[in-house]
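Here the structure comes first, spelled out in structure tokens, and everything after it is commentary.
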Amino acid sequence: MMDLFLLLYCIQIFILFRGTFYSYFFSITLFHVAARSDTPVEPQHPIGSETLSQSVVSEKEPVTGAQSQGSAKQEKNEVLLLLNTGSNNLILISSKLRDSTDQFQEYYRQRLRYQQHLEQKEQQRQLYQQMLLEGGVNQEDGADQQQNLTEQFLNRLGIFVALLLCSLATHITLQDDKSKKQFICINTLEDTQAVRAVAFHPSGSLYAVGSNSKTLRVCAYPEVIDPSAYNTPKQPVVRFKRNKHHKGSIYCVAWSPCGQLLATGSNDKYVKVLPFNAETCNATGPDLEFSMHDGTIRDLAFMEGPESGGAILISAGAGDCNIYTTDCQRGQGLHALSGHTGHILALYTWSGWMIASGSQDKTVRFWDLRVPSCVRVVGTTFHGTGSAVASVAVDPSGRLLATGQEDSSCMLYDIRGGRMVQSYHPHASDVRSVRFSPGAHYLLTGSYDMKIKVTDLQGDLTKQLPLMVVGEHKDKVIQCRWHTQDLSFLSSSADRTVTLWTYNG
């Protein structure tokens, strides 16, 4: 394209100055002819030049010597005049060519600027089309369709915003709403003394309750939950009950992963394991009793995964501050894990061989049964003097540890990164229970301040986390446990009740 413009411009210059070129060429030719000829040559005068009629000699008149000398002198003057004229023309041509070159360079610069401008416009157009496509507008052929792209884009954008607002309005989120309770109480079981321990059966159809009255119960979880049908809490259906299951208060209960064993721990220093049929809700054999502890059993849990066979029980508490592992199928002890210097208040197992323990010595210890020994110690003295760890839990991925402490704080700890993520105070008193929801989106906490709260973990865990109160008792909350599938949970309290809460969606 640029070569075509250059050729056209050169042709224009040639047409403009061709008369001057012809005059210069004619003058040079005449000079050569005059120089090589012995006889005077009558010059041909271009139209518009000065008239030299006096230098023309008639052919009829004889040429004399004086006339010949005058004629030669005149011819010389004419040649000089022609040379002068040619030189002036050449200078004029050179000047005009120089001017033309400057004009062409300026023209080329303007063309370059214009081309850059067109390229910028093309980039803007492509960016605009990309925005339209991202906004859901498909560009169609035709000038009239292109003119309506902006209008289509704005219309689609308006529809998208409207749909987004509707989705946000109908989306189920855990947030404070004073006009509507997020969780409602649907079942309440009353006892004669404080209720300490609760645990859902792996199937979710049953839950076990242990209390200070030494009574063990197994209750039915409602088959259909309709929050609108529970204007007032109802009594749950008790499917199994055993009075004086222990000689002392029942501090903890746990189901095996297969759901066929129900373990309990007490301040009578005994661990009991009850074979249980979940379909008939009856015991299927005599209790297994283990007396390796020399103090109150504060917590126990079964190991999960094929490595343990589903029958390895972990228990710990006061006394010698050891963690004991027991093979319930063989009825024999396996390990005694030592390391804590204070009473062990909480246990949690994951991955088939890992254990987390919280103690009054203000530490959390990780244990690996493949070794078997302690593989990490996590202190709680990141801020201040630290605090006794009353509850521990690990999320389903095995990456995040949560602790509940007696100074009303909770700690989130990155297990793989080996660092504390955040420490915050969701309650006004001891946090006695922490548990992750099945999807690890929420953290359920129960406290001696009589409140049950949920922390939303779906955002940035290093920033302030959204909190909401989801339940409340008339006395200290001791334990809270999520349902295995539903957005429901159990809470036990010193107010002598255990309550089943469900989401009021």
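The backbone N, Cα and C atoms fix where each Cβ goes, and this holds for glycine too.
Per-residue confidence over the coiled coil (104-134) averages 73 (mean pLDDT, predicted model). Residues annotated as coiled coil in TrEMBL: 104-134.
Annotated region 'Disordered' per TrEMBL: 42-72, in sequence order.
The repeat 'WD' annotation in TrEMBL covers 243-273 (among others).
The repeat 'WD' annotation in TrEMBL covers 337-377 (among others). Taking H, G and I as helix, E and B as strand and the rest as coil, DSSP gives the repeat 'WD' (337-377) the counts 0 helix, 25 strand, 16 coil.
Annotation comment: TrEMBL describes 382-423 (among others) as repeat 'WD'.
Among the features that TrEMBL reports, repeat 'WD' is placed at 424-458 (among others). Proximity of distant same-chain residues to the repeat 'WD' (424-458), defined by a Cβ-Cβ separation under 8 Å and at least 6 residues beyond the stretch ends, is recorded for 174, 390-397, 400, 402-410, 464-482, 484-485, 487, 489, 491, 493, 501.
According to TrEMBL, the feature repeat 'WD' maps to 470-505 (among others). Within the same chain, residues 172, 174, 180-200, 202-204, 207, 209, 211, 221-222, 225, 227, 233, 236, 429, 432-433, 435-438, 444-454 sit at least 6 positions outside the repeat 'WD' (470-505) and bring their C-beta atoms closer than 8 Å to a C-beta of that stretch.
Residues or ranges marked as transmembrane segment in TrEMBL: 6-26 (among others).
The feature transmembrane segment is assigned by TrEMBL to 153-174 (among others).
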Are there residues at least 6 beyond the ends of the repeat 'WD' (243-273) whose Cβ is under 8 Å from a Cβ of it, and what are they? 193, 196-203, 208-216, 218, 284, 287-302, 304-305, 310-311, 313, 315, 317, 319, 326, 328
The repeat 'WD' (382-423), counted residue by residue under DSSP: helix, strand, coil: 0 helix, 22 strand, 20 coil
What does DSSP give as the helix, strand and coil breakdown of the repeat 'WD' (243-273)? 0 helix, 15 strand, 16 coil
